[in-house]
């Protein structure tokens, strides 16, 4: 690795750093060496995380080397090198004036980010460096605990108290192993993230939570989320000593909000009422136990849990405190307009004093609350919700966080802290009240509307000052979007002598930024409150987005100021048919409000962008939402970003109003040069920082490029542009004519695509960083799990290790068809029918501890894990099947799933949601009229979707088949092939047939065609240990001479190699290198797991976009194993709407042969040798390979059709995506 010397420190960097990276590392060293704070902004994609890690760890090593050199020189006492000065030994600490005399004085590095998933990314970067420090990651019990009983607790605070109870009683064997095993090399040495820590703890049966706390003592660098540092209670809980440490806040644009929220609270009537209910329960139990003269079983000495060490009088006093607090809050008079009242921060002490909560009593109250919560931890029941009591305990700690000696309301420190707070009391909008309590202790406020007590901190500097008071050596805040840096430093209220606004590492031809003040019709674009919902503005914005989507290739991101604005805009565009036109250009994916469905939505977007022949996709998101931060939209996933307005906070929100008033007051008190922003400046910056976060999605690395559209006339003002990041400002251009925007953007992308290298194909998609995303979305290969995508040999077949005896042909692709004819273990039973498949897919959940990639939207109903296959290669037996209807049901299930795949590919996200809801309603109500009314608008308007409507016929309930036929003819002009017997339920059709005597006719055991029957010699071959195929060739003209079901599998011989090579050559020409790679990966996966669903999903996405690719789908049958042939042919027919060539299903000429029971007993008979059997079998297979069905000719064949490469996915005349 290159070694760079900066400020006298040698830094090992994984590659030669760019100039901006060297400047960044120099500023970091300046903070560390001079013991000062720094604010460092460096755009996303410039490698700031790597620079931070390498620089800080190199500086620590430099200090350690200096101490070592000084100690050696002192011991030598100048005898060895009398002429050399002491400073020449690298006494860096002495030279810098640092009083670091021993190794334990070397500062620890505390690296904080917003979420653990972001920290995992940082740890992965650390593994890529040459540094191997002692590492520790701090997490909560919710993330780290492996005790089954503790993990069952629903809330975090219950886990905490139950854990403490078990630790105190030494009843947790995981905790008991911590001291013994914490020094083991496997646990102490490697760089472990949260997942690794849990896996190692489970393996060694040691508690990961307490193990991480042990490792913290000796760690060189400690990783933790923000709140562990900013929240005083969390600092105490994790015993974090900040004295002399270097604290780094990565993604620091969130620090301001986190500082304020960690020191604020909202106490609702529901919190107090639930707390009182819990205390009532404990008081009642203790009273009954006292009246009976013996302890309650829950509190007895024999109970494994320690009893409640509280007197009845103390519990009653605690209840009285809560009632008085509730009464004091309800006694505050509010104005009639429900606007609430605001008091100064010191009012909180007056209010709490009425309930006898003071600095003097807080200790006893907190102990009592803690005892009750810990006593009830682990107990089940509706009356043991201790969340209210826990919240009250946290609130008391926030209010009385300052020591009594310096925190009294009259002291200077207390006054300074209270200036940052406001008390706001307002009506409870949620009306979350418990039932009225009827005892004498019950509050009278329950009959009135409750009030919420809010205690809000408006200065992030309050938390920053607390960190400085703890003795932090240096505080470094860094992010990609801190602009304007000067105002950010003012908000923190502590000095930052070192500041940096780094440029980007990209060139000017890689970024295009334009302000679009007017739409194509000349109407002004504005998201101002009075214009955002006007018809003129919404219509013009919709037309502008549609035109931009035509010229931006691949992925396009559109950010709205808020969810209501996005939803209202979509509603307007759907009503005016603008949304349908956008869908025709690029399908729309909308960011959901809920956390659970976000991963699926973003995975669907990634998959659509990566699909071969796709024109891309559009993702509609919200500023400050999940997609605006932490997601990687690099390369084709995000070639353009559109910001539709300035996302100002809600202007009339009480918290926003009070924040602006507070800032104006502070600025006024400090005079014209006061170190505070004005309220209006802060308000504007909230919008600009959200915009900057959205802009940061487009350029993610050195070779990336993209365009930014600022679609609001207010961006044309100089003050708005001044708030943009420094690396963006030089590229901004304001356009007066919308046509010039389209012209310049089209030219930009033409030049970029010619000059920039094509992005490398990825095995996995960008990771979803952040806690909102439970699992990581993968693309462009959404059809495989993360575990398989990481295996190199899946994507490079030539690297796969061959077992001895496997073919080692020169062409690695020729080995793909080997062993396809072997039978796997049958799959477990699956749900039957379309509705059952839909319901089954919604109920499925991933297995814990296994990496899973969420399927894209087109595959959410597809893949299901099969049982592991048993060893193959054993002798195969003829099995007598007594229930021939089961394979039919399995095929029907496969058709249902694949039909859902096709529908989800063709419909938009909103329309697919409507479709699935209609299915659920039809399943529950059996209302065919409602179903038909829903399906008509979805499938009838577009002729390309008529085949989907007709394909739905097979899943309509029998008594509705005829009606559906009539609806189909009415909507599409074509029927579905209805016959009267289709109206008879399957069960009735499958009833046993009675012979003339009234007895049940014998059930046929085996079905074979006439041609197949001619190949069998029952007297010589069947069950006699001899060849199953007759040595005589099939007669000319016999149907058996053509490939039948299960006969098209090529072997690894020359003919098989040529067939495979020809097929893959045609696939590469038609689908491109990326599509062919996907096909190869799917084929390899099919060979390993025998999951036809997965390979069909990939195949459908690749070969059904264009009719000329249909032959590739049909010719794929050469790789399909025999037991999948019938399902594959039916699927081909369903997907293409054409009969499967050369694979006609069994017709009337088939005759059923009942195998006599005597044939199930084997008798050893002399037979031909193994070589003879092999030769005869191979000759038969070769005859099948020689005679190909029409339409499946290999490379160069006429039936395959010419291979055509897809055109560019953009341009003014871009074609509609899909079929």
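The count begins at 1 with the first shown residue.
Glycine is treated like the rest: Cβ placed from N, Cα and C.
Annotated ATP binding site per Swiss-Prot: 42, 43, 44, 45, 46, 47, 48, 49, in sequence order. Among the features that Swiss-Prot reports, [4Fe-4S] cluster binding site is placed at 145, 163, 172, 207, with the record citing sequence analysis. Taken from Swiss-Prot, the feature compositional bias 'Low complexity' applies to 757-766, 1200-1219. The compositional bias 'Basic and acidic residues' annotation in Swiss-Prot covers 863-873. Under the heading compositional bias 'Polar residues', Swiss-Prot lists 1176-1185. Here Swiss-Prot flags 7-296 as domain 'Helicase ATP-binding'. Among the features that Swiss-Prot reports, region 'Disordered' is placed at 287-306, 757-786, 839-877, 979-1005, 1017-1054, 1132-1151, 1159-1219. Annotation comment: Swiss-Prot describes 151-167, 871-877 as motif 'Nuclear localization signal', evidence class sequence analysis. Marked as motif 'DEAH box' by Swiss-Prot: 250-253. Annotation comment: Swiss-Prot describes 1178-1185 as motif 'PIP-box'.
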(message) An 8 Å radius from the center of the 42, 43, 44, 45, 46, 47, 48, 49 Cβ atoms defines the neighbourhood of the ATP site; name the other residues of that chain inside it, in order.
(response) 480, 502
(message) Please report the three-state DSSP label of residue 42 (ATP binding site).
(response) coil
(message) To the nearest Å, how far is the Cα of residue 43 (ATP binding site) from the Cα of residue 172 ([4Fe-4S] cluster binding site)?
(response) 47
(request) Select the closest residue to residue 207 ([4Fe-4S] cluster binding site) from the following binding-site residues, measuring between CA atoms: 42, 45, 47, 48, 49. (result) 49
(request) Calculate the distance in Å between the alpha carbons (Cα) of residue 48 (ATP binding site) and residue 145 ([4Fe-4S] cluster binding site), and round it to a whole number. (result) 32
(request) Rounded to the nearest Å, what's the C-alpha distance separating residue 44 (ATP binding site) and residue 163 ([4Fe-4S] cluster binding site)? Just drop the number here, would you? (result) 40
(request) Specify the nearest of the binding-site residues 42, 45, 46, 47, 49 to residue 172 ([4Fe-4S] cluster binding site), where nearness means the distance between Cα atoms. (result) 49
(request) For residue 47 (ATP binding site), name the DSSP secondary structure in the helix/strand/coil scheme. (result) coil
(message) Applying a 10 Å Cβ distance cut-off over all chains shown, what neighbour count does residue 42 (ATP binding site) have?
(response) 27
(request) Determine, to the nearest whole angstrom, how far the Cα atom of residue 145 ([4Fe-4S] cluster binding site) is from the Cα atom of residue 42 (ATP binding site). (result) 36
(message) Looking only at the motif 'DEAH box' (250-253), how are its residues distributed among DSSP helix, strand and coil?
(response) 2 helix, 0 strand, 2 coil
(message) Can you give me the residues near the recorded [4Fe-4S] cluster site, meaning same chain, not 145, 163, 172, 207 themselves, Cβ no more than 8 Å from the center of the site's Cβ atoms?
(response) 141, 146, 147, 150, 166, 167, 174, 175, 209, 210
(message) Quick check on the motif 'Nuclear localization signal' (151-167): DSSP residue counts for helix, strand, coil, in that order please.
(response) 13 helix, 0 strand, 4 coil
(message) Tell me the Cα distance separating residue 163 ([4Fe-4S] cluster binding site) from residue 47 (ATP binding site), rounded to the nearest angstrom.
(response) 40
(message) Neighbour count first, Cβ atoms within 10 Å, every protein chain included; then name which of 43, 45, 47 tops the list of binding-site residues.
(response) 43
(request) For the binding-site residues 163, 207, work out the Cβ neighbour count at 10 Å and name the residue with the minimum. (result) 163
(message) Sequence gap of 6 or more, Cβ distance under 8 Å: name the residues on the same chain that satisfy this around residue 46 (ATP binding site), in order along the sequence.
(response) 18, 20, 21, 24, 480, 502, 504, 505
